[in-house]
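Participant: There's a structure below that I have some questions on.
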């Protein structure tokens, strides 16, 4: 080789050659990923990030620096760098003119045969991300039905009379079910209801307009249909999305609506309502919860017509992490009884579940319902909801139902509870006799499982048809007890607080709190099992002032005063101070920061 050729094509070290080859491979891989994404019709940021992260992990800092140097040399002299990176064929020398006239490789457009194939793992990620993006984009592409935006005097009267606050006031309440702009196949199911409840009337216009909503309302206010009607209506317009084949040989349909609930009983109840409503348009709902085997639930999820899932956070996260539940196409997410889920310690599970779903930028609509509006719920809403409309029916503080008659009996001796219990059972059934056509239902609450078992035995010995509902029972036994109580086979049900929240048991005429719960929140939700759907009810509470009850006396009396209930004079001997609530982990020294910014996710390469 002549001196001129040496100058034109300087000899490079092995490391520099290797770095240039890596740079070429990286450019080709990026170009191939872009072409594959263009063929799918989707160019999402997630695909770019995944491909970029995969490539960056395989490169060291030293190679990155050398690649930058090579790129600079190519920009200055493309023909020289191209000639240097190409190995000349054996037994054949290239002239200087031939080298300079050759087209640089770095600027050439690769053909299909030259494009390097992505790895199987990258192809799977690309296909999954493309399918999810297509599903959420189709949800966003569906136009929202037209709803009125002008408030009339009738609307303002409705809001005032029901003590409803809209923040901000964008949509007036929908006062007639027949005015709902929904799928015509769904309308006959709703026509059996005379009129919407306050939370339904205010939620439907905003949710049908594809807005995120936070609903704060008392238990028994019809929240299931408040979020269920817009969700099922949206899915009735969306095409089903088929997932990829899983390791067990199952081909599951991807879920498009996810509802999270704090307890198995509430999840089962919401599932029943959504199943009945979804049947009108051929949608199937699956309920997933712990306490039973996963295999049966996984088989149901694998059915192609399964598009709605109602579940508890623990089992939902378990199935999502194992790949048996695909949440990448969820376009409608509901957090039901959000305050209860946070109280039960499910916040981390909820955050991990939401991480499996698309973001609101990809078209996901998020709905959150709660009985109260504490700081923990506000923080969760600010993180995952996009400029939500907040609907408050009544107060956002804890308050009891004013339609429930409250009777408080202060007992000096806890042993008097059994006698007073049987007295109230007999008195109530005398006024409201039990019959097959009009069963009388009485709900008795105990604090602990052993106490529930003892009370069940005591009531049965007194000659009443009684069942039980507590944590030591199998899931099958719990279902049977609930069904017997709902159908009237057993008119008395003894339960722990596992049944105190969210259960919609029709026509519960009397609630008896044998032992006061550990919090006033649980007291309100226990009493909320009666007086539902606009009806009246009655609650009897035995109060002894022992153990935890003394410290809750002040808050208990505040709840009674708010609903205008009579407070016995015997309560005067208990302190009226309302104790500051303590954080479960940090105690009384925990500081809530309502204006704290949302957490930022930081990724380290």
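Including glycine, each Cβ sits where the backbone N, Cα and C put it.
In case it's useful when we look at the structure, here is the feature table from Swiss-Prot:
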type	residues	note
BINDING	217, 218, 219, 220, 221, 222, 223, 224	ATP binding site
COMPBIAS	45-55	compositional bias 'Basic and acidic residues'
COMPBIAS	56-66	compositional bias 'Basic residues'
COMPBIAS	104-114	compositional bias 'Polar residues'
DOMAIN	204-391	domain 'Helicase ATP-binding'
DOMAIN	424-575	domain 'Helicase C-terminal'
REGION	1-124	region 'Disordered'
MOTIF	175-201	motif 'Q motif'
MOTIF	336-339	motif 'DEAD box'
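Mind mapping these onto the model and telling me what they sit next to?
Facilitator: In the three-state DSSP classification, residue 218 (ATP binding site) falls within coil.
For the motif 'Q motif' (175-201), same-chain residues at least 6 beyond its ends with a Cβ under 8 Å from one of its own Cβ atoms are 145-147, 154-155, 158, 162, 164, 208, 215, 217, 221-223, 225-226, 229, 232-233, 236-237, 276-277, 280-281, 391, 393, 533-534.
Through the fold, the motif 'DEAD box' (336-339) approaches residues 223-224, 227, 259-262, 266, 270, 368-374, 376-377, 380-381, 501-502 of its own chain, all at least 6 residues removed from its boundaries and within a Cβ separation under 8 Å.
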Participant: Which ones in the same chain are close to residue 217 (ATP binding site), with CB under 8 Å and 6+ residues apart in sequence?
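Facilitator: The list for residue 217 (ATP binding site) reads 198, 199, 223, 369, 371, 391, 392, 393, 394, given in order along the sequence.
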Participant: Counting every protein chain present, what is the number of Cβ atoms, excluding its own, within 10 Å of the Cβ of residue 218 (ATP binding site)?
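Facilitator: Result for residue 218 (ATP binding site): 24 neighbouring Cβ atoms inside 10 Å.
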Participant: Taking 10 A as the limit, how many CB atoms besides its own sit near the CB of residue 224 (ATP binding site)?
Facilitator: 25
Participant: Looking only at the motif 'DEAD box' (336-339), what is the model's average confidence as pLDDT?
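Facilitator: The answer is 89, the mean pLDDT of the model over that range.
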